[in-house]
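Participant: Here it is, the structure, as structure tokens.
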Amino acid sequence: MVVIGEKFPEVEVKTTHGVIKLPDHFTKQGKWFILFSHPADFTPVCTTEFYGMQKRLEEFRKLGVEPIGLSVDQVFAHIKWMEWIKENLGVEIEFPIIADDRGELAEKLGMIPSGATITARAVFIVDDKGIIRAIVYYPAEVGRDWDEILRLVKALKISTENGVALPHKWPNNELIGDKVIIPPASTVEEKKQREEAKAKGEIECYDWWFCYKKLK
């Protein structure tokens, strides 16, 4: 089982787009990727999730992020299900789906709950260095909110690029709105620098350990 901060395991997978090597397939293009598992093809909640992801695909791609699905179904089941979605819902699924029919990758990533034979609704966000940045699990009975995952990706990218943290419900936080949090000072000198920056109007603070600013 892997955890946040670890390198995503190198593995070759069979998908609806052919054999893909992870994480290289995406990282060599300088892209992040979202690997998400679903319990089974031809099930109602999973169908709504794939429809929702496809509808937001361009938003993810504008951020340099590619989705890739996974379940323990065989590839022909994925293909038939994608055809059903296109014929009945009018949406063509453009991203690949992994056919992990032996459950080997799912087991390695901890996607299969104890005592189960199918995957939970797991989400792994992996950056362009192949590092796992976030892991989210939903139970089989509750579908994912792709808008929240999109928010999470945006926040992770901003944090990575600017060395800041993002508050609850960013960019609509009740205390600081769309501003970002400056990491707390860890030395006396840094504390002094925060206080000086506040006095100059460069940042805002509730206290020296809780400072924030508007991104330029």
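Each Cβ is built from the backbone N, Cα and C atoms, and glycine gets one as well.
What you see is a predicted model, and the numbers here were worked out from it, not measured in a lab.
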Participant: So Cys205 is in a disulfide according to Swiss-Prot. Which of these is its partner: Cys46, Cys211?
Facilitator: Cys211
Participant: Sort out the sequence-distant neighbours of Arg121 (substrate binding site) for me: same chain, 6+ apart, CB within less than 8 Å of its CB, listed by position.
Facilitator: Phe36, Ser37, His38, Pro39, Glu49, Tyr137, Tyr138, Pro139, Ala140, Val142, Gly143, Arg144
Participant: How many whole Å apart are the CA atoms of Cys211 (disulfide bond) and Cys46 (active site, cysteine sulfenic acid (-SOH) intermediate)?
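Facilitator: With distance taken Cα to Cα, Cys46 (active site, cysteine sulfenic acid (-SOH) intermediate) is 41 Å from Cys211 (disulfide bond).
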Participant: Return only the integer: C-alpha distance in Å from Cys205 (disulfide bond) to Cys46 (active site, cysteine sulfenic acid (-SOH) intermediate).
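Facilitator: Given the Cα positions, Cys205 (disulfide bond) is 44 Å from Cys46 (active site, cysteine sulfenic acid (-SOH) intermediate).
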Participant: Under a criterion of Cβ-Cβ distance under 8 Å and sequence separation of at least 6, what residues of the same chain contact Cys46 (active site, cysteine sulfenic acid (-SOH) intermediate)?
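Facilitator: The list for Cys46 (active site, cysteine sulfenic acid (-SOH) intermediate) reads His38, Pro39, Ala40, Ser71, Gly143, given in order along the sequence.
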